[in-house]
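Per Swiss-Prot, the features are:
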COMPBIAS  1-10  compositional bias 'Polar residues'
DISULFID  Cys108-Cys188  disulfide bond
CARBOHYD  Asn189  N-linked glycosylation site
CARBOHYD  Asn193  N-linked glycosylation site
TOPO_DOM  1-35  topological domain 'Extracellular'
TOPO_DOM  57-72  topological domain 'Cytoplasmic'
TOPO_DOM  93-109  topological domain 'Extracellular'
TOPO_DOM  132-150  topological domain 'Cytoplasmic'
TOPO_DOM  176-195  topological domain 'Extracellular'
TOPO_DOM  221-266  topological domain 'Cytoplasmic'
TOPO_DOM  293-305  topological domain 'Extracellular'
TOPO_DOM  326-386  topological domain 'Cytoplasmic'
TRANSMEM  36-56  transmembrane segment
TRANSMEM  73-92  transmembrane segment
TRANSMEM  110-131  transmembrane segment
TRANSMEM  151-175  transmembrane segment
TRANSMEM  196-220  transmembrane segment
TRANSMEM  267-292  transmembrane segment
TRANSMEM  306-325  transmembrane segment
Amino acid sequence: MEIFTTTRGTSAGPEPAPGGHGGTDSPRTSDLSLRALTGCVLCILIVSTLLGNALVCAAVIKFRHLRSKVTNAFVISLAVSDLFVAVLVMPWRAVSEVAGVWLFGAFCDTWVAFDIMCSTASILHLCIISMDRYWAISSPFRYERRMTPRFGCVMIGVAWTLSVLISFIPVQLNWHARGRERTDPGDCNASLNRTYAISSSLISFYIPVLIMVGTYTRIFRIGRTQIRRISSLERAAPRATRGPALCDEESSLKTSFRRETKVLKTLSVIMGVFVFCWLPFFVLNCMVPFCRLEPAAAPCVSDTTFSVFVWFGWANSSLNPVIYAFNADFRKAFSTILGCSRYCRTSAVEAVDFSNELASYHHDTTLQKEASSRGNSRGGPYQFAL
């Protein structure tokens, strides 16, 4: 979400002096090399974002069963928002990074609105997915009754509506800027006023990240409790049959520890990637409007630094398909689309591992039967399938 930046000479360094011989050739060559390297890196990022999210959308279009699960609708809508980032936001900025100047004139305001809308929609969908997981794991039976397709569509609609409201309306009415009109067509500067910087950052990042931290913390606690209950039942079984209880108990404790570690690693990856990509940008986004600068003074944050953090945030859109759409159903669809089903085949146990089930929770027949049988064996519902 690039809501404070300028595209004049951001990543490629200062323009070389025109003309000249000898000593001016080396800076010019270095500048061109840096621009070429920047262009290659950004092209790779854009293409990977396009391919990853397009693959998710293609899988949903091709396979009807992926459209039948409400939780997959959130992953699909997330992929669409990230696809919009790759199409409506990244390419225009990449061209400007390489050229060192904004080349698209009056399109600047529309582009800024697209940037805010798409980035906010992506982050809000990550928040919705975390809430969906928490509800599914904490109250699975109530979740099955209440998480209907209609309710899922309402949640998706709220995310997109909120994203549009905080982007296009303020930008088109110029409520977001610091009170000066853009006069240079080669400068797409969207420096924010303090009110809009704080309010938009709260809606787009800080409130969603607090919700995600809360839901994933609760998920870890629920998972740890269920793992320990299962482990205690497994240790009790050999005692009932008078088997080698000591060895089985030690093995069960090791298994329980491995499961808890896997839960923690999975949740750490989900939250760690998101925070690593977006936190630096939003910290600067709230800090920069409070800088008091003289007209001729240097900015308190360099354009290059801000540009790097902006691209880190957008890079999250290339990682989301890997984190959120690699459950067993999607992986099978991907292997079929890519024509590698013979080589990508995995066993049933490997295909439905914990990290994938947690990354995109869904009930299938096998898991429901397993949950029912284990739940009946201890007189209660099995709430956390591994």
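Cβ atoms are placed via backbone N, Cα and C, with glycine included.
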Distance [Cα-Cα, Å, rounded] between Asn193 (N-linked glycosylation site) and Cys108 (disulfide bond):
18
Position of peak Cβ density within 10 Å, selected from the disulfide-bonded residues Cys108, Cys188:
Cys188
Conformational class of Cys108 (disulfide bond) under the three-state DSSP mapping:
helix
Could you tell me which three-state DSSP class Asn193 (N-linked glycosylation site) falls into?
coil
Rounded Cα separation (Å) that holds between Asn189 (N-linked glycosylation site) and Cys108 (disulfide bond):
8
Fewest other Cβ atoms within 10 Å: which of the glycosylation sites Asn189, Asn193 wins that one? Let me know.
Asn193
Long-range Cβ neighbours of the transmembrane segment (151-175) (under 8 Å; 6 or more residues past either end):
70-71, 73-74, 77, 81, 109, 112-118, 120-121, 124-125, 128, 181, 190, 196, 199-200, 203-204
Paired segments the transmembrane segment (196-220) and the transmembrane segment (306-325) in contact, 3+ CB pairs under 8 A:
no
Helix, strand, coil residue numbers for the topological domain 'Cytoplasmic' (132-150) per DSSP?
16 helix, 0 strand, 3 coil
Give the nonlocal contacts of the topological domain 'Cytoplasmic' (57-72) in its own chain as ranges (CB under 8 Å, at least six residues past its ends).
79-80, 83, 129, 132, 136, 147-149, 151-152, 325, 329-330, 333-334, 336-337, 360-362
